Structures are given as structure tokens and as C-alpha cells.
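A.B. asks: So that we are looking at the same thing, I have put the structure below in C-alpha cells.
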Amino acid sequence: MKIGILALQGAVREHCRIVHKLGHKTVDILYPRDLIGIDGLILPGGESTTISKLLVRYGLLTPIVELGHKKLPIFGTCSGLILLSKNIAKSEQYRLGLMDTYVKRNAFGRQLASFETKMPIPILGNIPYPTIFIRAPYIDKADKGVNILLSHESRILFAEQDNFLAASFHPELTEDVRVHEYFIQKILSYQKFCNL
């Protein structure tokens, strides 16, 4: 399996490390040609406005949207969650707009307000998951087609819709591989669907 990792900014190496640990290959996505032959795509955290402009500059925005409509599994963390959303509060930035969600940016404040805590995520099993939030966004509202995997104080922090997965936290900064394993299961389901 080959998983593309958007390499314009953010924790690219950290995502690569976990995907490799799980026994799969990665490819850095910098240009549209890099998208050829990938089985899934990860959008790492970073600064969402900058990343959105770079997606346009490097000609990646439209090809990624097209792949999303073709059901390619896409996983966004932190700013990746923002990019996947159709609606971003107080922002006109470019976005992929693939998930029926309404997002608030920098919801947990500045760098100093960032934090780490263990939270139960039932879909990942009984052991609480170490969530790391860095100037994290959250999903304020979600349409019916969105499955909420984790919420806290009415803020949606982890969700999926069809082939898309979005987390407001940074699973790539932990040693716990369960979120990435869950995404890989999405890819395997997609591959089975394609082979029907």
C-alpha cells in the first residue's frame, strides 16, 4: 500500500514514521503527478491559510478534490480537518470542501493554550487515546452524513464521512498508531469496493 502525504508544510515526517511503522510506503505529495498510484492521502497539520494557497499555487487543489469525489480515502489532521470542511468560520480561504462540516479555526487558542490529554475514543477500543491539540480547530456543526467519533463539551474533535477522516488533534505526534490503523482500514475497505 502506498499512502500520499501532502508535503507542503506541517508534520510530514511524523506521519511518514507512523505509516512506515505500520508496514506501508509513503510518497511526498508536492505536485499533481505525485498523486498517481496512491491508495490514500494524509493532509498533515500546519497553517491552513498558507497550505490552501500552496495547494492552488502547485495545482493540487482540483486534482485532490477530484480524487475525493472518486472515493480516495483522505485523512486530515488539525489544518487538514479545516481543508476538508465545506464551511470555515470567518474565512474565505481555499478549501477542498469534501466534508459536510462547519469548522472553527484556532479554537483552543494560541500555542500556549495548546494541551495534551487522554480521551476515550470507542471506535479505537477501550484504552484512552493520547490527544495532542496545538492551536486546534474543531467541528462546530456537522450534517447527517457525518459520523462523530469523538466530541468534548459539544465540540466535535474526530469525525468521518464516507471515505474522509478528520481529527482536530495530532495523532502523528504520539506513539499510539490506532488512528492511522483506522485510516488504513478505510483504505482497505475502499480497495475491496474498487475490486467488486
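Just so you know, glycine gets a Cβ as well, placed from its N, Cα and C.
Annotation comment: Swiss-Prot describes Gly46, Glu47, Ser48, Arg105, Ile134, Arg135 as L-glutamine binding site. Summarising the annotation, Swiss-Prot assigns active site, nucleophile to Cys78. Look at Swiss-Prot and you will find His170, Glu172 tagged as active site, charge relay system, backed by sequence analysis.
In the displayed structure, how are the listed features positioned relative to their neighbours?
C.D. replies: The Cβ of Arg105 (L-glutamine binding site) has 21 other Cβ atoms within 10 Å, all protein chains considered.
Here the Cβ of Cys78 (active site, nucleophile) has 30 other Cβ atoms within 10 Å, regardless of which shown protein chain they belong to.
In the three-state DSSP scheme, His170 (active site, charge relay system) is classed as coil. Within 10 Å of the C-beta atom of His170 (active site, charge relay system) sit 24 other C-beta atoms, taking all shown protein chains into account.
All protein chains shown were included, and the count of other CB atoms within 10 Å of the CB of Glu172 (active site, charge relay system) stands at 26.
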A.B. asks: Among Gly46, Glu47, Ser48, Arg105, Ile134, Arg135, listed as contacts of L-glutamine, what is the widest Cα spread in Å, to the nearest whole number?
C.D. replies: 13
A.B. asks: Could you tell me the C-alpha distance between Ser48 (L-glutamine binding site) and His170 (active site, charge relay system) in angstrom, no decimals?
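C.D. replies: Approximately 14 Å lies between the Cα of Ser48 (L-glutamine binding site) and that of His170 (active site, charge relay system).
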A.B. asks: Taking the binding-site residues one at a time (Gly46, Glu47, Ser48, Ile134, Arg135), which has its Cβ surrounded by the most other Cβ atoms within 10 Å?
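C.D. replies: Per the Cβ count within 10 Å, the most buried is Ser48.
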A.B. asks: How far is it from Arg105 (L-glutamine binding site) to Glu172 (active site, charge relay system), counting Cα to Cα, in Å?
C.D. replies: 20
A.B. asks: What Cα-Cα separation, expressed in whole Å, is found between His170 (active site, charge relay system) and Ile134 (L-glutamine binding site)?
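C.D. replies: That comes out at 8 Å between the alpha carbons.
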